[in-house]
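Look at TrEMBL and you will find B:6-23, B:35-53, B:73-100, B:112-129, B:135-156, B:212-236, B:256-275, B:313-333, B:339-362 tagged as transmembrane segment.
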Amino acid sequence: MKSLKTWYTLLICGSIMMLGGCEFRDIDLRLFVVAIGIDVSETNPDMNRFSFKIAIPTGDPKSGDVKTVLITQESTSIAEAIREAKSKVDKELDFGHCKGVLYGEAYARQDIGKIQDWTVRRRDMQLLMYPAVAIPTAEAVLKVQPATERIAGNAIFLALSEDGTESPFIAKTYSFDLSRRMTETGEDPVMPVIEATGKEILNIDKVALLDKSRVKTILTRDETRLYNLLDQRHLSTNFGIKIEGELFEVNTDRTRSRYKINESKEGAETIDYKVSITAILEEKEDKAPMTPAGLRKIEKEFNKDLTESITKLLEKIQKTGLDPLGFGLRYGGTHWNNDTEMEKWAEIYPRAKFNVHVKMTIKSTGYKR
Amino acid sequence: MVRNKYFYYLFLLNASINLINYVPRILIQDRFSGVLMSVLIAIPAGAILMYVFAKMLQRFPGEGLPEIFHSVFPVWISGLLLVLYGLGWYFSSAITLISFMDITSRYISPDVSPYIVLTGFLVVVGLSARLDSESLLYALEMVLYITMPLIAYMAWRVYSNPYFSWDSVRQIMTYAWNMPNYRTVAAATYIYTGYINMVVFNRIFRRFKVRYMFSIILVSIVSLFISLFGPIGILGANGAGEHVYPAFSTVDALRIRYFIIERMIYVFFVVYMILSLMNSIIHWHVGKELVLGGFKLEGEKPSLLPKKRKAEWWVLALFAVVIFVLATVINQYTLNDMAIVFLDVRFAGEILLVILLIYAAIRRGRRRRA
């Protein structure tokens, strides 16, 4: 028993001695990088311009005085840029709370593969970061200081994560989802687009479609909403329509989109989309109370209108050759000829027709008849 | 004396620890060539091995492997076998501990020296492995009651994630008609391996009997499903192969929205740290007993006890030193190779162990009749 005690004592003393050797830094010696921006350099084509938005810890988040610093650094690689940025600040840079990677539009049109690989590879970066395309440049977007921001650098992520605002125009994506789509055969990446409009407002209402590594197309606002309708479940949005000069707006409650790849006829393959929407009437110009027959009529008009615009969107995406909705992966997952299925799909996709079937049910007219 | 339920706990511990011991990675490496077939073979193979082992062990109530071997084999053969099995079993924990050290420095605290972390682990494991078998089982029960609900919650979160790509899973399923291979089968049977611990714990079981094989098979199917398809759904059919620790990267992609911490990985890390330590403690305990048994220091015989207590320190010290040295010399690739070699050898060793037990049971039966 006595020898055991001696051993314990020795061990405890020994472990205290080892503690001095570790390199842990206290929280007040750290600066938290909350977002990284990457742009092309205007002066040197080999270099990129990296911006780091750094939050300065304050004691009380309720006080509302937000302190951030934006450090920009031109460098050949991001690893180099971080080391160079470190010599511009007095404290250790911590990436543990980094929640955004913004690719400037010009940069995103080149190749984001290198940086995306870095964010996954680096050990202190989360896989839960929000990647986005920034217009005009990442630096400009990071410079915007929204008046509504309460915690430094928080505004962008509250919007992108949909923890704060929930907009039908925001295509929420995580870093892991982006890297998954970048490597997956038959599914292409998408990213939301953040625009800096004015000094205090950020606008996120578009989605960028990428091939495996660069931005190819940016959809318009309305197309983005339809894209989200096809991609997500229970999207809450509004849809408007004009019938005989009168405006009707509905607010969606539950939405669901499903598709099947129908190849019963060789050479005339179709992708059958079924979109079901439950909605509530929100706005109408017509003063007369609504009748069930009137509702059916509106539903019918909506079905026709949405079918048309969704088909148009799908055809537009098809023309770019991109596959953000993962049709190719679905095809691969339902076919057993593993060696040839992807070549077959490459043949089928450009010629496939879209059959869109929208079924909207307006289940209530709100408080008023 | 303990009741039968502790056998299931031993099984459950190993079934859950597979995420650390490179099982998902080996399975995922093979995802485009026969992993499903290998898993389909591994499930009955593992279950049969476990069942036969348990049936044979029932004929030796209250005896550990050292007692059984010494009674039917010459001293040098049984000594050699016991030491080899002891070291093999200990090696499993070496992989767990070293890879967990690696995980800690990779995901949690890059700034802290990994050797300090490892020293902490070794101290805890080394000191706890000396406890008697019964206390270890009670501790195991408590640990499982704490961690299992969390693991179930995390698994549910993985599969209910809106970003979980079922199409990627279906894509892998269409690769089912490929030939299985030994390495993947061996890796997949790791789920069942917990029963090997009974070679020592059988000493304290009262009338050991294995029942509910059906639920054991069900649990193993579920855990294989989690370790294989969880990473594939989240990281992608192609992307899953790019990660060093697919299971950890998968959990890193989970977000807890309304909780004090935001990243699931911290919960996962704590859960698996507890499980790895518990697993290593039990493996060291079994390994130590087998090695000591090899030198005829078995059980709790009062005449041998002081000598055994002293020898125990030496064995445990050796265990700790070997792991520490290994940790300093190997890198990520050799660790992975080591894990593969271990899993391969382990499966063959298990089959041999069951054959030896059958032989021992026959010898014993004959002697009794004679």
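Every residue, even glycine, has its Cβ placed from backbone N, Cα and C.
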Quick check: do the transmembrane segment (B:112-129) and the transmembrane segment (B:256-275) share at least 3 Cβ pairs under 8 Å, counting only pairs 6+ apart in sequence? no
Please indicate, using numbers and ranges, the residues of the same chain that are 6 or more beyond the transmembrane segment (B:6-23) and have a C-beta under 8 Å from a C-beta there. 50, 54, 92, 95-96, 99-100, 103, 137, 140-141, 144, 147-148, 151, 187-188, 190-195, 197-198, 201, 205, 208, 210, 212, 216, 219-220, 223, 227, 247-248, 272, 275-276, 278-279, 282, 336, 339-340, 343
Do any residues of this chain, six or more beyond the ends of the transmembrane segment (B:35-53), have a C-beta under 8 angstroms from a C-beta of it, and if so which? 11, 27-28, 172-173, 175-181, 184-189, 191-193, 195-196, 198, 210, 213, 216-217, 220-221, 224, 228, 350-351, 353-354, 357-358
Based on Cβ pairs under 8 Å, which of the stretches B:73-100, B:135-156, B:339-362 lies most in contact with the transmembrane segment (B:256-275)? B:135-156
